[in-house]
Structure formats: structure tokens, C-alpha cells
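Asker: This structure is in C-alpha cells; I'll ask about it shortly.
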Amino acid sequence: MGPRGLQLLAVLLALGLCAPAGAQKPSACQCSRIEASHRKNCGFPGISASECFNTGCCFDSRVPNVPWCFHPLPKQESEQCVMEVAARKNCGYPGISPQECASRNCCFSDTIRNVPWCFFPILNQDCHY
């Protein structure tokens, strides 16, 4: 194999290692509920929408001077519970159990400290992407 072939092989291997296996296209709520100023880059300059989605990221080129290919918000049990941490409105009390939170028809996520773990859901109607 010549030098060009080795270069191509190296690029293909690098791209294959960067893309998560079986990456799933994020939901509309995971992409549209993140403030443009909070986007974390997930691609490279000139990435296409399909390349971006194939890595499991969101793509939106309507906002200038922010990443167009960006990491989605974390997946939740319900789309109504997908939101930025700053958007959470407390629906419980410190130490509330997931079961008690669910009995209040609220969302529960204890993965981030010092924020409400039991919080009110958001209507899916505002998911536009």
C-alpha cells in the first residue's frame, strides 16, 4: 500500500473511532430546548447535517457564531422531562424519592448535584426542530 493509501486508511480509522457505535439521532426536544449560547461543539468546520446526526448530535445552522453541530441534552424517560438544568422548577423537597416525585406527576433525575431532582415537566408542544 502506497503513502496515499496509508493516509486514507488513517483518516478512515480516525473517523471510525470518533463516531459512537450505533449513534442515534437525538429527539427534537433534546436539540431545540438547549440555548444557543450553551451549545457544546460536536463536529468540525463544514460538517453536514447528516454527518452530524450520524454521530448522535444536533444540527442547526440558523444561529451565527455558535456551534452548528452540538451535543444534545441528555435523554430522559419522558420527552416532557428533557430540559436544561437552569429550566428546572422544583416539584419536590430535598431527599424526595423517585416514586414520590412520580406520584406528583413530575420528572426525576438525580445525576446533577445542587439542582432540583424532582421538577415539573414541560409540554412537548414547544419542541420544534
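Using the three backbone atoms N, Cα and C, a Cβ is placed for every residue, glycine included.
The shown structure was predicted, so the numbers you read here are calculated from the model rather than taken from an experiment.
Dumping what Swiss-Prot says about this protein:
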DISULFID  Cys29-Cys127  disulfide bond
DISULFID  Cys31-Cys58  disulfide bond
DISULFID  Cys42-Cys57  disulfide bond
DISULFID  Cys52-Cys69  disulfide bond
DISULFID  Cys81-Cys107  disulfide bond
DISULFID  Cys91-Cys106  disulfide bond
DISULFID  Cys101-Cys118  disulfide bond
DOMAIN    29-73  domain 'P-type 1'
DOMAIN    79-122  domain 'P-type 2'
MOD_RES   Gln24  pyrrolidone carboxylic acid
SIGNAL    1-23  signal peptide
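Help me picture these features in the structure, burial and contacts included.
Answerer: Neighbour density for Cys29 (disulfide bond): within 10 A of its CB lie 24 other CB atoms from the protein chains shown.
In the structure as shown, the Cβ atom of Cys31 (disulfide bond) sits within 10 Å of 23 other Cβ atoms.
In sequence order, Pro26, Cys42, Gly43, Cys69, Phe70, His71, Pro72 are the residues near Cys57 (disulfide bond), counting only same-chain partners six or more apart with C-beta under 8 A.
Reduced to three states, the DSSP call for Cys52 (disulfide bond) is helix.
Sequence-distant neighbours of Cys81 (disulfide bond) (same chain, six or more apart, CB under 8 Å from its CB) are Cys107, Ser109, Phe119, Pro121, Ile122, listed in sequence order.
Around Cys91 (disulfide bond), the C-beta neighbours below 8 angstroms that are at least 6 residues distant in the chain are Cys101, Arg104, Cys106, Cys107, Pro116, Cys118, Phe119, Phe120.
DSSP assigns Cys118 (disulfide bond) to a strand segment in the three-state reduction. For Cys118 (disulfide bond), the number of other Cβ atoms no farther than 10 Å from its own Cβ, over all displayed protein chains, is 23.
Reduced to three states, the DSSP call for Gln24 (pyrrolidone carboxylic acid) is coil.
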Asker: What is the separation, in Å, between the Cα atoms of Cys31 (disulfide bond) and Cys52 (disulfide bond)?
Answerer: 12
Asker: Using a 10 Å radius around each Cβ and counting other Cβ atoms from all shown chains, which of the disulfide-bonded residues Cys42, Cys52, Cys58, Cys106, Cys127 yields the largest count?
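Answerer: The residue with the densest Cβ neighbourhood is Cys58.
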Asker: Spatially, and counting Cα to Cα, which of the recorded positions is closest to Cys127 (disulfide bond)? Options: Gln24, Cys52, Cys58.
Answerer: Cys58
Asker: Could you state the whole-number distance in Å separating the C-alpha atoms of Cys52 (disulfide bond) and Cys29 (disulfide bond)?
Answerer: 17
